[in-house]
Amino acid sequence: MVLPRAACSASSPSLLFSRSAASRLVPLASRSFCSSAARRQQTQLLSSSLLLNGRRTPGRPSAGITPSLVQRHTGESIRLLTTQREKVKVLLVLYDGGKHAEEVPELLGTTENELGIRKWLEDQGHTLVTTSDKEGENSKFDQELVDAEIIITTPFHPGYLTAERLAKAKNLKLAITAGIGSDHVDLNAANKTNGGITVAEVTGSNVVSVAEHVVMTILILVRNFVPAHEMIEQGRWDVAEAAKNEFDLEGKVVGTVAVGRIGERVLRRLKPFDCKELLYYDYQPLSPEKEKEIGCRRVTDLEEMLAQCDVVTINCPLHEKTRGLFNKDLIAKMKPGSWLVNTARGAIVVKEDVAEALKSGHLRGYGGDVWFPQPAPKEHPLRYAKNPFGGGNAMVPHMSGTSLDAQKRYADGVKSILDSYLSGRFDYRPEDLIVTGGDYATKAYGERKK
């Protein structure tokens, strides 16, 4: 297999929001790669012997690598032969499913069903350690991370890979997100750990699931569904009480913060509702053809868009520039009586400020499924926050991207990433890579300092 060197673009522009398909790194064993950091990572993981101009340069094989690799520089190309990994320890952090996981084996994202990978890994001689215990220095997560080579965790029960934890993970080479969104990893620290840890996720695995949940939440809030349903459960019947805060979605202005894979799908699903206008805010515009097809319009100033919207949905990644973005100052710019939906990440909003805006009625409703931290503590203000009418809260556990269909997709994706690593091919999908070899492989998490 011959891998030509590809020309690499200059440094990326600052990015705030989009999880667009753009990835500037093409990984090993696909057609080409351009990052010097990527080459360092590939050499680190693969090199057991090196032939230069037909002469062998002695070198100790890396631990756990069968010495079958030959790496040869030939002009502007590099020839690589795959190398099988042996006896790798994999740490898997998931939520407990209990009796539900036993009743429904399709709940793959649980500690009981383990993404369906235990037998597959053990048949190859690898070790799998699974836990839900992830909090505190004495957690099973912390104990097992010390000598793990691969860590797999999920946005729905994230094992937070802080700089402090990464510093203790002396063998760690690969961190996989079972789903999308790798903000639980300190990516800057990952780039500096062990020569650069590869962080990968299963891009696209649950974008449909999340987009559907967004539309559902918008309708639940606008139609005042939750208080009306609670009324029925309580044995009461008061149509006026339920209808006094109920509206139609038709004729409303809806805007999305970011129009990546999820944001675009949300707009497409809203088109049949005959909204007055569909707006989006993103550093990168959709093509004129897509805008016309969807019937949406870009607004280049976030505050300007928020002031126009009856409904705002947050669909951007969490990074330094979006953490705490929706604070009291920005929320004050929103249209009075508007609804806010967040299925992106809990830390993008300041929870106390959202709760206060809901209590005052400035926000008519807030809904979504993302919290910070996760699991949400019992005293988390967004568990109980309500508007002056006693409703407006459509919060649920982090579930939008973990439907049974989505679990099958991200379980398959995790297995594919594992196979790419363990086989020594390293032929990851470009869009799955977040960081590798000490450098960023995507522009989705904003501009980072080296």
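Glycine residues also receive a Cβ, built from the backbone N, Cα and C atoms like all the rest.
What TrEMBL annotates here:
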type	residues	note
DOMAIN	119-412	domain 'D-isomer specific 2-hydroxyacid dehydrogenase catalytic'
BINDING	I180, N206	substrate binding site
DOMAIN	216-399	domain 'D-isomer specific 2-hydroxyacid dehydrogenase NAD-binding'
BINDING	R261, I262, D282, P317, L318, H319, E320, K321, T343, D369, H398, M399, S400, G401	NAD(+) binding site
SITE	R345	site 'Important for catalytic activity'
SITE	H398	site 'Important for catalytic activity'
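There are 13 other CB atoms within 10 A of the CB of E320 (NAD(+) binding site), with all protein chains counted. Taking Cβ-Cβ distances under 8 Å and a sequence gap of 6 or more within the same chain, the neighbours of T343 (NAD(+) binding site) are V210, H213, V214, T217, I262, T313, I314, N315, G368, D369, V370, S400, G401. Across the fold, the C-alpha of N206 (substrate binding site) and the C-alpha of R345 (site 'Important for catalytic activity') stand 15 Å from each other. DSSP classifies D282 (NAD(+) binding site) as coil under the three-state reduction.
Around R261 (NAD(+) binding site), taking its Cβ as the centre, 21 other Cβ atoms fall within 10 Å, counting all chains.
The average pLDDT for the domain 'D-isomer specific 2-hydroxyacid dehydrogenase NAD-binding' (216-399) in the predicted structure is 98. Once Cβ contacts within 10 Å are tallied over all protein chains shown, the binding-site residues N206, S400 are led by N206.
Long-range Cβ contacts of L318 (NAD(+) binding site) within its own chain (separation 6+, distance under 8 Å): G181, D183, A344, R345, A347, I348. R261 (NAD(+) binding site) falls within a helix when secondary structure is assigned with DSSP. R261 (NAD(+) binding site) and I180 (substrate binding site) are 11 Å apart (CA-CA, integer value). Spanning the listed NAD(+) site, residues R261, I262, D282, P317, L318, H319, E320, K321, T343, D369, H398, M399, S400, G401 have a farthest Cα to Cα distance of 25 Å.
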